[in-house]
Amino acid sequence: MQPNDITFFQRFQDDILAGRKTITIRDESESHFKTGDVLRVGRFEDDGYFCTIEVTATSTITLETLTEKHAEQENMTLTELIKVIADIYPGQTQFYVIEFKCL
């Protein structure tokens, strides 16, 4: 069994599979992904594989520079997105946007 390259909370699985979530915002520990990378995706909770994605773009961002477009790509409101990122990465301000598509 191959290991997963990246994981998402289970609550995001349906949005990823339906194409409603097309970016993920990560901290420095996951800043190594590059455009063109093909990644096996698993659920954070049980590491169960659920799809393969291709990275289509990467960029850096701060909490203060998040926009409505980022929120739309995450399938949530900007207020929700800022709260989710702050809850997952407390005290951090520099992040990495990974844009992707399901294969």
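Using N, Cα and C of the backbone, Cβ positions are placed for all residues, glycine too.
Database features, via Swiss-Prot:
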- 6-101: domain 'ASCH' (DOMAIN)
- Lys21: active site, proton acceptor (ACT_SITE)
- Thr24: active site, nucleophile (ACT_SITE)
- Glu74: active site, proton donor (ACT_SITE)
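A simple way to gauge crowding: the CB of Lys21 (active site, proton acceptor) has 19 other CB atoms within 10 angstroms, across all the protein chains here. All protein chains shown were included, and the count of other CB atoms within 10 Å of the CB of the residue listed as 'active site, nucleophile' stands at 22. The Cβ neighbour count for the residue listed as 'active site, proton donor', using a 10 Å radius over every protein chain in view, is 23. Averaged across the domain 'ASCH' (6-101), pLDDT in this predicted model comes to 97.
Counting residues of the domain 'ASCH' (6-101) by DSSP class, helix then strand then coil, yields 31 helix, 35 strand, 30 coil. Between the CA atoms of Thr24 (active site, nucleophile) and Glu74 (active site, proton donor) there is a gap of 7 Å.
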